[in-house]
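Asker: In case it helps, TrEMBL gives these features for our protein:
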type   : residues : note
DOMAIN : 309-556  : domain 'COPA/B second beta-propeller'
DOMAIN : 584-742  : domain 'COPA/B TPR'
DOMAIN : 804-1180 : domain 'Coatomer alpha subunit C-terminal'
REPEAT : 8-49     : repeat 'WD'
REPEAT : 50-91    : repeat 'WD'
REPEAT : 92-133   : repeat 'WD'
REPEAT : 171-212  : repeat 'WD'
REPEAT : 215-256  : repeat 'WD'
């Protein structure tokens, strides 16, 4: 960015003009050496030089369509050149002073020129186009003759032979020399500027041209002026050291930029994007006139944004439809300054926008959106104020940042200041919504999470120059975006990871799986929480990301339009699954996706999964390295054969030897002709036959040392003696034979050597009785298991061996709790032989029950060899039936896989009740054990009768009475939990009764949650008013039965009113009145007698009176995280809202929603189940 690519040298003296061809890799230059040079961008060399001018050449430009170049010079001429045949095709004369600029019209056959003779001239070159575009040759002789005749009868040529370019208009009006003139890209307008310090705008028609207006403001000579490519603006530069912009319609100045010490000489505009370049005394500056990022915000599945026409629109992600404009904001703020930020309040359907006013002051505007998108109407309800940034922080409050005073103002929807706090850090740049009542304060050197209600800093992280902050969908993580850095933190601003990009980072958003997707100037990328990142796709133009859903990325283009990009999320989902050790997902992605590329292979190697990387590689060398790394000798051997490199064989040999695979070691040593090592391998494996063959090979090779070594390995004395005799070493041969007790051989050696035995004077001891034991072990028949190697999970799965695969390491001994938390098969009626929860059945006199997974006919008669309890186990997938049979282990497994139960301690009492209640004992004769009779259901199925269903209604009514008492809520909660514990260990005879039990579970869930909230509220200290008000509001969310539905609203109404939260009190009072009036209108409720009706009427009257008082001042004194219009659930663990569209986990038994952070913890409702555990659903009916 901003670096020199190359230097082109060829002119003598200053270079005054340069122009690039729009389609060809060419550019032209001109200078004070009277020449025009044409250069190649590919070879970086000068192609040719055009000569003909007699003085300095001022400007040079290419034609948009034709192979022409136009130049103007101090020789008072304008010349047109054909750069293909390198010839001058026209010379335009008429100016009587230096020609300072000349250029083609972008679409028409016109030229505009400016001269120091104080005129602007417009030339018609249509004749030149006709002459140089007309066909020629033998096939067009008729036309050629007509052209010659027309030229012969035409006007006489001047000295330059110019008859094809004529002056169409001479524009006079400047008082001094004109330095520049430009055409408008689409309109019949011309702008000119000169030494008289004024800009003049001219209009053309078919027959005449006239001055339209004059713009004054520059203090010195205007050197260049152009029209904005796609806006109604004029941009000019001057020797007064300023760049100025002018409103083309009003002819008034819009903005100016001054550079101290440098005069500006030239200005150029990019034809399609918002980039401009200005040349000054010290160099070139590239700049933008305005901010290009559209103001936008995302709420659930809608994107609200402001387009280039300053219209508010929204895009529905679910239907992929763009709305009609909701509002037109053209009258808000300055016409030429775009909106910087947009904040949306869904409860009140209002937006906050920030921009600059006409007097260049930062302002915000509070605007109400219409209900329907009927067109770009003007806003009817607006409130304005001064501020650099404004964001909603709750349903009826928003925060405004004032950089000048470094303060944050809290305002209500009436735009009245309710609170003003000092910024917690210095040099605050921006503020971002940080949660209900919280703000993220972005400073120059740090980011702070600030509680505006309590005026205290919650947390802080030292990061510099953060421009944007993006929350994850579940609110658990935050991405802080700088110019070239991204820092990922937790919600408490604890650093998780960070990354650096060399290219500027533009935007970011989170997908539903917790992966950050971000964009740079030219790429779309991703980052995992651990910092691993990669490229998803290349961007043609810069885009600003708004939302990721599935494989679609919803972005905003610089023009303020929605662009939907398709991405392949497989790579980052694969990596995330690998990092999270979600191996089932990894296997699914391997089988269903096309994961390729060196980046994936390198990533898998880096993370220690070479066996997975092996599945994606085609290169033999890479495949060999991976096979060695994961110990796959078979694959490595195949790739080594393909490579054929000695180094590969050596590496493979060492790995095979380490694994004890001597078969491969033998093959490798044979291929390498490494006979010494091969002989040793045969010795180590006891392969006598191969050792003898090695001896023969050594003899064939005349390798005496190898023969001798092999004979030692074979313990062959005869072979060694013969070798010594063949070598002429008779003394050694004689000594060896003599010491080995081979007297005859020793005599033959003496005779062969011609030495008298009596002359030998050495002492030799006979060691024949101490013969060395030969090789007695033969381990060459199978490989040695020196290193334990086994197929990984992935290798087994890819080979189809997925039965009974476990991804977890097998512990040496499982505890009861671990067994209860274990993985289970998806079929409920298949029982695993695992250690389950042990209730101490031996101490209770319970005999072991033989478990079986076989399915039998439910109507089968009891026969010899099958006990009653065995048939119960076979016939039922219901946990209660297994408990009745005494198989507590299989019952625990069923409850774990069906509803995720992991805490079995509260069920001990219920287990024993069911087990004991399934049998009857009849006393027998003295000395004999009692006779056992089993309690069966009344139907024909061979299944036990499990009691408990008949008492559920009575227990529920008891719980209701405790609720109604108001002072025994903890006991009521325990009673509701007792109902849940009864239901999970219950078996019913029909599907209808099973459905009734499910309804009871839902009732218990709501009551336990509601009154847990109320108990928590009552336990708070009196000083924690905000939390108390939040909890009393959340108390109203669980759905209680009709007889109790009014209780939460009554409590919320009173508490809110007493704490001066009058707006909330009014809402709760309205809801309370509706419920109470509904009770009175319900004639079917016969339990409502006249006394109760009178009491209800009194309560309604009191509620209406309270509501009237609250409505008199409908404001809340305390900001709370409660939106009465939003759809949300309450997390039973944290007692905080879970809004619709936010990621959550569920309790497998009750369906209660929890925050994602609670996954794996014990459910607060049931105190039995694991939150988010995989479950197939509770079975109560077999």
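Glycine is no exception: its Cβ is also placed from the backbone N, Cα and C atoms.
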Asker: Using a Cβ-Cβ cut-off of under 8 Å, list the residues of the same chain that are 6+ residues beyond the ends of the repeat 'WD' (215-256) and lie near it.
Answerer: 179-180, 182-185, 189, 191-195, 197-201, 262-272, 276, 278, 280, 289, 335-336
Asker: Counting by DSSP secondary structure, give me helix, strand and coil numbers for the repeat 'WD' (50-91).
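Answerer: DSSP composition of the repeat 'WD' (50-91): 0 helix, 25 strand, 17 coil.
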Asker: Please indicate, using numbers and ranges, the residues of the same chain that are 6 or more beyond the repeat 'WD' (171-212) and have a C-beta under 8 Å from a C-beta there.
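Answerer: 97-98, 100-101, 103, 105-106, 110, 112-122, 218-227, 229-230, 234, 236, 238, 246, 248, 251, 271.
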Asker: In the same chain, who gets a Cβ under 8 Å from the repeat 'WD' (8-49) while lying at least 6 residues past its ends?
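Answerer: Same-chain contacts beyond the ends: 55-62, 64, 69, 71, 73, 81, 83, 86.
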Asker: Under an 8 Å Cβ to Cβ limit, what residues of the same chain, 6 or more beyond the ends of the repeat 'WD' (50-91), are close to it?
Answerer: 16-22, 26, 28-32, 34-38, 97-104, 106-107, 111, 113, 115, 123, 125, 128-129, 132-133, 160-162, 164-165
Asker: Roughly where does the repeat 'WD' (8-49) sit in mean pLDDT, to the nearest integer?
Answerer: 94
Asker: Please count the residues of the repeat 'WD' (171-212) that DSSP assigns to helix (H, G, I), strand (E, B) and coil.
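Answerer: DSSP composition of the repeat 'WD' (171-212): 0 helix, 25 strand, 17 coil.
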Asker: Per DSSP, how many helix, strand and coil residues does the repeat 'WD' (215-256) have?
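Answerer: Here the numbers are 0 helix, 25 strand, 17 coil.
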